[in-house]
Amino acid sequence: MGKDFRYYFQHPWSRMIVAYLVIFFNFLIFAEDPVSHSQTEANVIVVGNCFSFVTNKYPRGVGWRILKVLLWLLAILIGLIAGKFLFHQRLFGQLLRLKMFREDHGSWMTMFFSTILFLFIFSHIYNTILLMDGNMGAYLITDYMGIRNESFMKLAAVGTWMGDFVTAWMVTDMMLQDKPYPDWGKSARAFWKKGNVRIILFWTVLFTLTSVVVLVITTDWISWDKLNRGFLPSDEVSRAFLASFILVFDLLIVMQDWEFPHFMGDVDVNLPGLHTPHMQFKIPFFQKIFKEEYRIHITGKWFNYGIIFLVLILDLNMWKNQIFYKPHEYGQYIGPGQKIYTVKDSESLKDLNRTKLSWEWRSNHTNPQTNKTYVEGDMFLHSRFIGASLDVKCLAFVPSLIAFVWFGFFIWFFGRFLKNEQGMENQDKTYTRMKRKSPSEHSKDMGITRENTQVSVEDPLNDPALVCIRSDFNEIVYKSSHLTSENLSLHLKESTSEVEAEQEPAASQRMRTN
């Protein structure tokens, strides 16, 4: 590999730095974000509707409860079916011809996002039914989730930690197992491949660090504002840019993959903490219902990048919070030095009265329950709010917008099958041109096996880039750089299996005749 831009962009050090910086940035923005301390109800666009639709705001009547459950169950079912057959197969596979979605690749991630979409749609259908009744306005589904912002942000922080850690670990695991950069980390690779080192390290580090992370986040054991003592305090503009760069880094992790944007390589990425690059779950076979036996198959690469796109949802919500942040909407106000204070008493948060949510009012009025000023009972944050205009804050989305454009550009121009390649989605990346005889033409060749098959390898059409493998069964042309003993073995195995499949019915027919 020549030492060009791609060499350095996809270098192991570059990939590992980006993967681990995302973890640090996510913790930093969680600590600096004033929303993380807000006592008001959390609201998340679309996701909040889905969460509220499934988990809370159930009417008292049994009939209404049954209706609601049936609607969100129907939404999940339709979402799974539409995600698999409409979005994955039709839209991504046939219409857009995206290589990364060939066969069943990426189907579970597509089905997940499709399910969210249909839960959102059915929540509005449910709202329409409630409005028709006239007396059910209190049970309307909105993007408010029924939990406090503080609790939701803690859950989001733990979720992003898990997702970012698994992603960073898989990047590290890949760097230490594969060999596109053979001169990098020789001693580390030798240690990594010894026995079960990578397996033991993963589970040990995961349980240890996750226990510490959950303990610190959920118990407020460590206070960031007491720890940093106001060192380089952030404002809404700097936090918006930080959230934007987190989105950029999420996309960079995917774009730095050696097989981006097609993901059609022959490198199997082992799942973290396991010896296998994929997991299979057998669905119970009911012959009366299903005509075939179905299995759930999850590959390491889609397991990794599927998690990234889930984390991307939380990061987008974090970016939204910074861009449209207004202190009074989150039960907060601005004190001296443009510092943010968080109101903790529930009485002041009932109506979010802007008069009571101010430094002037809370510093001059006494709480009768504590005989102290309201300010003394509020939480002081070193984070600042300078009142920047929306235009200035929206500039923070420019880096993310550029990253999304480049991401789409590479997929559109380099990650799609050509029109004349339609129908080749199921072929291996080494496929160039294939001509097969019908198996019926070989039904007379009884007893032909792999051992007595004659195979010749020649140069087709005087093109040194191609190698032709011709056997008694068929002819296949490979790119010479991809020709391996495994390809040759697979080619012969596929050829003989087709003949054997046709021989078996013929043999059975002769037995019945005799």
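Using the three backbone atoms N, Cα and C, a Cβ is placed for every residue, glycine included.
For the topological domain 'Cytoplasmic' (1-15), same-chain residues at least 6 beyond its ends with a Cβ under 8 Å from one of its own Cβ atoms are 171, 175, 180-181, 184-185, 253, 256-258. As annotated by Swiss-Prot, topological domain 'Cytoplasmic' applies to 1-15 (among others), with the evidence given as similarity to another entry.
Look at Swiss-Prot and you will find 16-36 (among others) tagged as transmembrane segment.
The transmembrane segment feature in Swiss-Prot is assigned to 66-86 (among others); the stated evidence is sequence analysis. Away from its own ends, the transmembrane segment (66-86) comes close to residues 53-54, 58-59, 107, 110-119, 121-123, 125-126, 129 of its chain (Cβ-Cβ under 8 Å, at least six residues beyond either end).
Residue counts for the topological domain 'Cytoplasmic' (87-110) under DSSP, split into helix (H, G, I), strand (E, B) and coil, are 16 helix, 1 strand, 7 coil. Summarising the annotation, Swiss-Prot assigns topological domain 'Cytoplasmic' to 87-110 (among others).
Summarising the annotation, Swiss-Prot assigns transmembrane segment to 111-131 (among others) and lists sequence analysis as the type of evidence.
Residues or ranges marked as transmembrane segment by Swiss-Prot on the basis of sequence analysis: 155-175 (among others).
What Swiss-Prot records for 176-198 (among others) is topological domain 'Cytoplasmic', and it gives similarity to another entry as the kind of evidence.
Listed by sequence, the residues of this chain that lie at least six past the ends of the transmembrane segment (199-219) yet keep a Cβ under 8 A from its Cβ atoms are 30, 154, 157-158, 161-162, 165, 169, 173, 272-275. The transmembrane segment annotation in Swiss-Prot covers 199-219 (among others) and rests on sequence analysis.
The transmembrane segment annotation in Swiss-Prot covers 240-260 (among others), and the record cites sequence analysis as its basis.
Residues annotated as topological domain 'Cytoplasmic' in Swiss-Prot, with similarity to another entry given as evidence: 261-295 (among others).
Residues or ranges marked as transmembrane segment by Swiss-Prot on the basis of sequence analysis: 296-316 (among others).
Look at Swiss-Prot and you will find Asn353 (among others) tagged as N-linked glycosylation site. DSSP classifies Asn353 (N-linked glycosylation site) as coil under the three-state reduction. Over all protein chains present, the Cβ of Asn353 (N-linked glycosylation site) has 12 other Cβ atoms lying within 10 Å.
The N-linked glycosylation site annotation in Swiss-Prot covers Asn371 (among others). Within the same chain, no residue at least 6 positions away in sequence has its Cβ under 8 Å from that of Asn371 (N-linked glycosylation site).
As annotated by Swiss-Prot, transmembrane segment applies to 395-415 (among others), with the evidence given as sequence analysis.
Taken from Swiss-Prot, the feature topological domain 'Cytoplasmic' covers 416-514 (among others), and the record attributes it to similarity to another entry.
Per Swiss-Prot, the feature region 'Disordered' maps to 430-450 (among others).
In terms of C-beta pairs under 8 Å, the stretch of 16-36, 111-131, 155-175, 395-415 lying closest in packing to the transmembrane segment (240-260) is 395-415. Contact count against the transmembrane segment (16-36) (Cβ pairs under 8 Å) is highest for 155-175, out of 111-131, 155-175, 395-415. Within its own chain, the transmembrane segment (395-415) has Cβ neighbours under 8 Å at 98-100, 237, 240-241, 243-245, 247-248, 251-252, 254-255, 260-263, 319, 322-323, counting only residues six or more beyond its boundaries. Residue counts for the topological domain 'Cytoplasmic' (176-198) under DSSP, split into helix (H, G, I), strand (E, B) and coil, are 11 helix, 0 strand, 12 coil. Secondary structure at Asn371 (N-linked glycosylation site), taken from DSSP and collapsed to helix, strand or coil, is coil.
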